[in-house]
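What follows is one structure encoded as C-alpha cells, with my remarks underneath.
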C-alpha cells in the first residue's frame, strides 16, 4: 500500500504521516460500515399529503456497539392537501376531544409556533386560557412552525428546504419559487385614507389579484374591513370579518385580528381568487389602511421557437421572436400587457445559421435558342449541365453522374409547329365584254 513504501531520500516525514493517517481513517470507515447490515426498505409515509416522513432501519452485525445511526429518514407525500383536510396539528389536538381532562371534556385547538418545544403537542381548550401538553411528541411530518417547511421527526425539528429534502437550505423567494431570484413577482405597498360620508358608507381599499402572496393590511381607526372575492370561474363571494380568527375564504387562509382601535389582516397565499379589500364606515373619524403584498407578474414574455430556415440547403438563417403570455389563461395576448410591468424585459431575437449542408447537385439549363423556323415546325435547343451550389452560393459545373437521381431536362424541343401561311387562289370571275363591242 501507499503508506508502506520505503521513504526515499528527501521525502518529507510529514507527508508520510499524512498518508498513514489517511489509510487508517479509510480502513476505520470500511470497518465501521462493515459492522452494519444493509439498509432495509422504506416505511410507509406518515402522511398521505402535506409532507410526511418515512424511515429505513439497519441492523448492527457486531457483538459490540456499531458507530453511526440505525435509522434514517426522508420526506414523502410532498403534495398539497385538499383545503377541507385541515391542519395536521389541529387534527392531533381534536383527537383528544373525546378524552376527559381532569374529569371534563374539552374541544382542543392547536397551539403553534412554540419557540421552546415546537414538536410537542400543546393544545388550548376552546373558550378558555387552559393550555395543556397532550403528547410529548407530535406525529412525524407535523410542521415545526406554521410558516416553515421544517418538520418534526421523532420529536425533533428537522430542517427541510423548499425542495422538500431533509437538511436542505433552499428557500422560496417572495414569489413562491424555490431557490428563485424574485423576478416573477413585484412588491406592492401603499396607504389608503378613508373619505366616507353619510351617502358613501363603503369604499374599495385595494384589489389583490389571484396568486398574490404575503399579504398584510393594518387598519387604524373606527372603520371595519371586509372582503369580496371572485374566482377565475367567475363565482363571487363576500366575507364580513366580524371576529378574530383564521378563516378559509375561497380556499385561501385568512388570519384576522380585531382590536378596539385597529384591525390586522394577513394572508400567506398564494391567493386562489381575486380579493377586493373594502372598508365600511363605522364612525365619525377617518381611518387609514396600510397594505403590502407580492403580486405575481401574470403576463410574461415568452421566447418563440426558431422560425423556418430561409433556405432549404446551402446555408440560411432563422430567427426567434417573443410573445406576451398570460400565465392565468395560458394563452398569448397583446404585447401591451407585458409592457405594463417594468420588470418585464422583452428578450432580443436570436439569430442562427441553419441548413448548412451543401445543396444536392441539380440540372441547370440555359435559355432556349430561337426556333429554327418561324412556322411549319422547327426545333430549338439549350445546354443542360449538372451543377452544385456551395454554402456561399457559388454555382459550379460538376460531373453528370452526380445528377443521376433526377431526370435530365430535354435539350431540344419542337417549336412553331403551326402551319405556315400560303397564297390561296379563288375562282375566276365571269368574263366581261367592253361596251363598245355591244351594238
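Glycine is treated like the rest: Cβ placed from N, Cα and C.
Per TrEMBL, the feature disulfide bond maps to 45-76 (among others). In sequence order, 52, 53, 54, 76, 77, 141 constitute the residues six or more apart from residue 45 (disulfide bond) in its chain with CB-CB distances below 8 Å.
Here TrEMBL flags 49-81 (among others) as disulfide bond. Listed in sequence order, 77, 79, 80, 81, 82, 85 are the same-chain residues six or more apart from residue 49 (disulfide bond) with CB atoms under 8 A from its CB.
The disulfide bond annotation in TrEMBL covers 60-66 (among others).
What TrEMBL records for 103-185 is domain 'ADAMTS/ADAMTS-like cysteine-rich'.
Feature annotation from TrEMBL assigns domain 'ADAMTS/ADAMTS-like Spacer 1' to 189-296. Residues in the domain 'ADAMTS/ADAMTS-like Spacer 1' (189-296) partition by DSSP class (helix H, G, I; strand E, B; coil) as 0 helix, 67 strand, 41 coil.
The signal peptide annotation in TrEMBL covers 1-28.
Mean pLDDT for the domain 'ADAMTS/ADAMTS-like cysteine-rich' (103-185) in this predicted model: 92. For residue 76 (disulfide bond), the count of additional Cβ atoms within 10 Å of its Cβ stands at 19 [all protein chains shown].
For residue 60 (disulfide bond), the same-chain residues that are 6 or more apart in sequence and have a Cβ closer than 8 Å to its Cβ are 35, 36, 37, 66, 70.
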